[in-house]
């Protein structure tokens with residue numbers, strides 16, 4: 001052992017031992033996530049060192065929050081979280097398939113097959129699997145109904161069914177609102193706002209914006225209908241200079257002059273806004289609202305309140321962009337060239353007070369290009385759970401629109417691919433066939449676990465589904481309510497195409513990499529110090 005001679009403290013695991021260590025790590029991770037695949041999966045409760053509780057069913061959240069010691073397990077966890085970052089779904093399946101690929105490969109390797117040959121078989125199988133994926137994808141018009149099915153499939157695996165059905169519509173409508181033809185969809189234009197009250201089923205989509213602060217002046221109206229909205233980034237307060245400068249005055253009068261000049265400078269700005277308001281509103285009842293990114297001092301607030309203008313100060317930067325998209329108009333950086341064209345319009349603006357906090361709702365916009373999902377829930381972990389789910393739901397809808405096609409879900413794809421691989425096996429040269437067989441068997445973990453989590457017998461269900469698939473030639477998945485086979489497409493259970501594609505790629509690559517490890521050395525520089 002060369003390493004031992006050089007560094008007696010090094011820990012080394014060779015050939016079979018190294019493989020055994022890696023495979024047991026993958027299986028350990030698989031066992032943890034196994035029970036929360038699919039809509040009937042179970043919850044996991046994570047308690048941090050500080051006693052914070054997190055209830056989740058989302059594989060991604062679990063993997064990020066769990067403290068994973070084992071190097072191989074953390075490698076698999078990283079792949080799965082990367083899958084989530086890219087596509088927003090498929091983390092649990094990812095871990096399950098990698099674990100299962102290694103488990104199947106282990107059967108052959110323990111009989112003396114070289115890991116390299118298994119890895120070659122995996123590679124051949126992956127190419128074939130991607131071909132099958134291309135054949136079975138369903139290209140269809142992404143109308144609202146299809147998108148609702150896609151979002152529902154994703155959301156039901158994250159939160160319970162009744163809530164998923166409520167969230168689905170909100171999620172789909174919000175993506176359709178911010179979508180511009182021919183441009184990539186920017187999900188940042190959907191603001192996700194949390195309010196801690198009522199119950200989670202009160203989560204709604206607001207076609208406009210919700211700001212998390214209210215007006216700062218007692219005389220300003222709490223509710224304005226049919227309002228013009230001016231978004232601006234102009235300071236309406238006396239600001240100190242950026243460098244700390246001091247003035248020496250010859251006399252008190254000069255100081256007065258300076259103060260007056262500063263005051264006038266700001267008053268001029270305010271009066272320009274007031275002029276614009278008079279021009280567009282005249283004597284009518286229309287409201288006028290100023291939303292400013294910088295500060296507004298009490299004098300200016302007073303002047304604006306007298307004119308019946310509602311002013312909000314210190315809005316967030318990202319909300320400025322959303323405001324102009326939601327209500328139209330342009331954001332102004334100076335008050336010199338204010339014209340009626342730069343104003344947006346909203347049908348209703350009102351302030352809502354919840355406990356200590358104030359929220360300003362801007363609703364009934366004419367053609368909102370930016371919307372807000374208002375998530376309500378009784379406590380913090382419910383809110384976090386819904387927020388995670390909504391993010392993934394938004395991503396699923398976005399993927400479906402951008403792919404222009406979907407894949408039947410409920411384990412149907414996996415059954416079809418496994419079937420195609422078994423047929424394809426005789427065309428593969430030599431011992432690599434065993435790798436193909438291992439890949440085919442490994443994919444079947446998905447329908448098996450789906451059935452198992454719903455309380456059915458995994459083997460029996462799988463055999464039924466395979467028989468049905470062979471007979472009808474249609475993509476057949478598991479009906480989780482009855483445990484019988486069903487045509488996934490007819491039931492409206494759709495998965496994202498790019499999630500599955502990414503899944504096949506990343507699982508194969510990582511499983512092959514782990515198989516080909518034949519030495520694990522813990523011999524970093526740090527261990528020499530001891």
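Counting starts with 1 at the first residue shown.
Cβ from N, Cα, C; glycine included.
Within 38, 49, 355, 455, the residue that Swiss-Prot lists together with 90, 91, 92, 410, 411, 495, 500 for binding ATP is 38. Residue environment of residue 93 (ADP binding site) contains 28 other Cβ atoms, counted within 10 Å of its Cβ in all protein chains.
Here the candidates are the binding-site residues 89, 93, 158, and by Cα distance the one nearest residue 495 (ATP binding site) turns out to be 89. Counting only same-chain residues at least 6 apart in sequence, those with a Cβ under 8 Å from the Cβ of residue 500 (ATP binding site) are 90, 133, 407, 413. Of 38, 92, 410, all annotated as binding-site residues, the residue with the shortest Cα distance to residue 158 (ADP binding site) is 38. Between residue 89 (Mg(2+) binding site) and residue 38 (ATP binding site), the C-alpha separation comes to 11 Å. Between the binding-site residues 38, 90, 411, 411 has the most other Cβ atoms inside 10 Å of its own Cβ, all protein chains included.
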